[in-house]
Each structure stands twice: as C-alpha cells, then as structure tokens.
Amino acid sequence: MSDIVLKTENLTKYYGGVHALEGANFELRKGEHVAIMGDNGAGKSTFVRQITAVEQRTSGKVWFDGQEVNFAGPIAAREAGIETVFQNLALADDLDVPSNLFLGREKVLFNLGPFSILDRKFMRKATEAALVRTAVKIPNLNNTIRHMSGGQRQCVAIARTATFASKLIIMDEPTAALGVQETAQVENIIRTLKANGEPLILISHNMRQVFDLCDRIVVFRRGRIVANLRKQDTDGNDIVSYITGSKTGEAELAA
Amino acid sequence: MSQTTHGVGGLSYDAKKRTWPAEFNVFLALIILVGAFELIGRVFLGDSFLFNTRANVDTIFNEARLQIIILQVSIVGIIAIGVTQVIISGGIDLSSGSIVGATAMIAMSFAQVATVNGNPNPKAMFIEQGWTDLPVIVPVLVAIGCGLLAGLINGSLVAYTRIPPFIATLGMMVTARGVAKWWSKGQPISFPTESFAAIGKGLMPVIIFISLAILFQLIMTYTRYGKHCYAIGSNEDAARMSGINVQNHKILVFVIAGILASLAAVVLSSKNLTAQAGMGVMYELDAIAMAVIGGVSLSGGRGSIIGTVIGALIFGVIISGFTFLRLDAYYQEMVKGVIIIGAVVLDQWRQRLRAMRA
C-alpha cells in the first residue's frame, strides 16, 4: 500500500444527465508510467480533471501519497505535488524561461507583500538545474518564449512540472501539436523522468508512443475503465479492440 | 567562458548574452528626431536646436530648451508611468485626465491660505471651517486618497464585474470630470500656501517625474508585482492557472495608476497656483500615446517604464522642435497623431521580423 502514489475508488462525474465518468478504480505505483487511452469523449480528460480538482467529482474517493484527499482546486492539488502539463500550454509568452518556470510561485529575496523582491539568481540557477535534469534544450534562457518552437515551449512546460519535486506528473496529449523531431524531444524528457523514478500519467492517442514510454495501459470507453493491461501482456490490436468496444468487459491485471 | 552546456544534444547558450533591449529602438528614434531638428535648424534658421548659440551665456548646450523639453512632459509623464503598468497588465486607463481634474480641485481646496494681501482669501472654500493654511501633508494626503478611491473603483469594476477596462475607465472619466466641476460649482480654486506651491516650483516636476520613473522601473523589473503584471498581460489564463490572484492584482494596478494621476494633479495645481475643473483634459490620451511610442504593446505583456520615459521625451522634443522652427501649434497636433500611428506600425513590423528570424 505504501508504494501507491495515487488511488481512486468509484470516481464518478456527472455533467447534469451525462455520465462522463463512472466508477473509475485506478492505481498508480511509485516510478510507474501509466498511459490512458480511449476515444474522444471516453472520459480521459474528465478523469484527469477530477484528480487535479479542476472540477469537483460527483462521488468516489481519491487517495494521494498515502492520504485521502479532497482538493479545493487545482492550486491545492499542485501544492500537494500533482503537476499537470495542460493541452493549452499554461505559459506566458512575454516572459523568459525562468519566469515561466516560477510563474505564480516566485522565489523571493525580501518579503514585501506584492512588492517582494525577486531572487532572480536563484530562479535562474534552479531553471538551469531543471533543464539539465529533464535534458531539455533551450537556446537562451533570457529570451521570451514567444518565438520558441512548439516543442521548445512544450519542453518548458514539462520542465516546469519537474522543477518542483512533484510527486506525480500528468500530461494531457503533450505531443499532439508537435512535429516529428519535437515529439522525439518531448519523449526523451519523459524517458528521463522515468529514469529518475518520477511517476507519470500520460494521456495519448499515439500507440507507438504509449508502448515506448509506459509500463501499463488503461483504456477508457464511455466513461468507464474497460481495460487495465501491462504492456507485455497486450499489443496494439488488443488495445484498439478495447478502445472501439469490439472487446468488452473489464480486463484485469493478472495478479 | 560564460558558456553553459546542458541537454542531451549539448546545446549551449551564453548566460551573459542579452538580446537588444526593445527600448533601444525608441531611443534611436529620439536621437534621430533631435538630429533632424538640429539639422533643419542649422540649414534653414542658422540656429542650433540643442547647443547654446548665445555669446553671453557660457554653456555648451541650450540648457533652457533642454529643461523645457523635460518640464513640459513631466506632469503627463507621471500619469504615463501609471498608465504603462496598466497597459502592460493588459488593461487601459482612460480616466487619468479626469482624475487629475477632480483631484486638483479637491486637494487645492485643502491647500489654501486664509488671507491674501491682508484681505480674506476670496477663493477659500473652507475658510468658515477654518481649514486654511493647513500643513502641506494634508492636501497631499487628500489627493492620494482621491486617486486611491478612483483607482479602487476602476480596479474593482474591471476585476469583479468583468466589464472591459475601456468601458470601466470611460465611466470614471466622465464621472470624475463631473466631480471636478461640481466641487466648486465650476469656480477655479486659487491661492495655495507657500509650501504647497513649492511642490511644482521650477524643476521640481522633473525631479518628481524622474524619481517615480526610476522607482517604478525597479518595481516592474525586480518585484513579484512587476512580474505578475507582465504575466497577466501576456496570458491571463496561464497566470490564473499558475495560482496568481489576478483579481487582486488588477485592483492594485488601477489603484497605483489612480495614485500616480493624483500626484500629477498635486504637481500641476501647485505649478499653476490654481485648480480648475478643466485641468487634465486629454492627458489620458497623451499618457497612452507616450507609452505606445515608448514601445508598450496595447495588447499587454510588453513594454517598460524606461520606454515610456523615452516616449515622453520624444513628445517633448516634438513640441519644443516645432516651437523652435516657429511652426504653428496646429502642426504639432497633426504630427503627434502621425507619430503615434507610426510607432505602432513600426513596432508590429519589428515583431514580425523577429518572429521570422526565430
């Protein structure tokens, strides 16, 4: 039990009459990379939004880091150690890389309320360290990210999650809008995270990527978890049949 | 030496390397403008714009002109500092000119003397209450209070009702002008105490303007407040998701803008030794224009106080230059408009060029 980072029990979300997510039981262990797959509207993003408390769940329980949790909002979830890379990158174009990494949690030299003096040196150093840790390549830290490529921006967003010694990283289709090289760059970062033993939930449509990067694949269909399979126990065709519904019933891990 | 390497591919970057500051281009424009006036002056008038040409004065530069260039833009410049941080955080403030009018009237009525040339001050508003010859701190605090209140209303409207800043501050612009006229039923308020009159005397407006500009340049660069201004102006949703209290920040931004407008009112009424309901008309637009010429982006997130100060100097040079060339004031206004448009167009070109190079 102690090596379980995240656990949900009967996690359910209704939007009015729409049952977007029903009775999701999910577990994530330390150092594990789990992929979440499924068709559009299958409940993947809804599931993530309940964990990160962007929305409040209808019913069910969530345990994080050994404790039952009820986050009031995304900021509380983040403070507890759940970092999310959003599909619509939450970055400020006109700020440089360190400012974006520390956005909303700037390191302060003297505390003077809103006029607190920033510790720019520390934030630069921490940024460099984070970029080394995630093996992210950015040409110049002092540049605003406005003119960076999609891949570089995505890398900044991911480096941000890795900077704050997070306990769980969630990525919602991090490479959906990227080119081949940029995708490879992001995937490299994810491998680095794996090597560092940082747990990850990856939402992706890319079968190759999922088999490359993850230990386990969880398939959502019509708001329910329909499959929970170790990578070595399955293959692409198998997963596709679960996604499309030609194979039904909850496939459980062989204990 | 300062090269640092990181990343799998060993991509290196120079930690000391800085990109050309955007203000440099504006500064260059200022130099070119001054050079143009100098050249035209030498060729057509046989006189120098910048340098001293009078034999009986022993200076290199025409100091009187240099002083006037800064002095005539100092008061609007103080407003422009506040407007700049509003625009950087993605807003706009149309009310500052009217806040100047209302604040000047109210503050001046607390700065009046009891007797003028041995007779009771005919203009004193509160002579019956005995609120005359008050220490200078009273009218100054009253002014700051006015600016704070106006800014608080602006900021709260923008933050809580979600109406666009353009509309919220337009309402304040009309209302504050109304307050300015109502306060003394349209009568000018005059005869301030000597200590109040000292605030706007001589080069004091310049000193106040430059000190405030330096203070706010430091705040915008080195404090959390400044960082959040840029963040909110750049991507408000990202700022909110990152845990910044966007509503409170916006209120603070407008409060600061209001206080700076009220300080400008103190300096202006002190300099003129009188307050009138029509004071500060169009100042808000001049202040916005200074910011825009100085490279502040109206879509938020980009610009600096230094840029705005240079923008203000460009304004001052144009006014002085046209006077120097003995051209009508009408032309000044026309050219001012052209320069505002030109500055924005140039800035957009520069942005597009950068985007292509990156």
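The backbone N, Cα and C atoms fix where each Cβ goes, and this holds for glycine too.
Where the annotation comes from TrEMBL, it is an automatic prediction and has not been curated.
Annotation source TrEMBL lists transmembrane segment at B:26-45 (among others). Through the fold, the transmembrane segment (B:26-45) approaches residues 293-295, 307, 310-311, 313-314, 317-318, 321, 324-325, 343 of its own chain, all at least 6 residues removed from its boundaries and within a Cβ separation under 8 Å.
What TrEMBL records for B:65-87 (among others) is transmembrane segment.
Here TrEMBL flags B:94-114 (among others) as transmembrane segment.
Taken from TrEMBL, the feature transmembrane segment covers B:134-153 (among others).
Long-range neighbours of the transmembrane segment (B:165-183) within the same chain, counting only residues 6 or more positions beyond its ends whose Cβ lies under 8 Å from a Cβ of the stretch, are 86, 91-95, 97-99, 101-102, 104-106, 109, 150, 153-154, 157-158, 189, 277-279, 281, 284. Marked as transmembrane segment by TrEMBL: B:165-183 (among others).
Here TrEMBL flags B:203-222 (among others) as transmembrane segment.
As annotated by TrEMBL, transmembrane segment applies to B:251-269 (among others).
The transmembrane segment annotation in TrEMBL covers B:281-298 (among others). Residues of the same chain lying 6 or more positions beyond the ends of the transmembrane segment (B:281-298) and with a Cβ under 8 Å from any Cβ of it are 22-23, 25-26, 73, 75-77, 79-80, 82-84, 87-88, 92-98, 100-101, 173, 177, 264, 304, 306-312, 314-315, 336, 339-340, 343-344, 347.
The transmembrane segment annotation in TrEMBL covers B:305-324 (among others).
Residues 25, 29, 289, 292-293, 295, 297-298, 311, 314-315, 318-319, 322 of the same chain, all 6+ positions outside the transmembrane segment (B:330-349), place their C-beta atoms under 8 angstroms from a C-beta of that stretch. According to TrEMBL, the transmembrane segment annotation covers B:330-349 (among others).
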Let me spell it out: take the transmembrane segment (B:65-87), skip the flanking residues so only those 6+ beyond its ends count, and list any with a Cβ under 8 Å from a Cβ in it. 49-50, 93, 96-97, 100, 165, 203, 205-206, 208-209, 212-213, 216, 220, 226, 229, 233, 253-254, 256-261, 263-264, 267-268, 271, 283-284, 286-288, 290-291, 294, 296-298, 300, 303-305, 307-309, 311-313, 315-317, 319-320, 324
Across B:94-114, B:134-153, B:251-269, B:305-324, the most C-beta pairs under 8 Å with the transmembrane segment (B:203-222) come from B:305-324
With a Cβ cut-off under 8 Å, give me the same-chain residues at least six positions beyond the ends of the transmembrane segment (B:134-153) that come close to it. 95, 99, 102-103, 106-108, 110-111, 172, 176, 192-193, 195-196, 198-199, 251, 254-263, 265-266
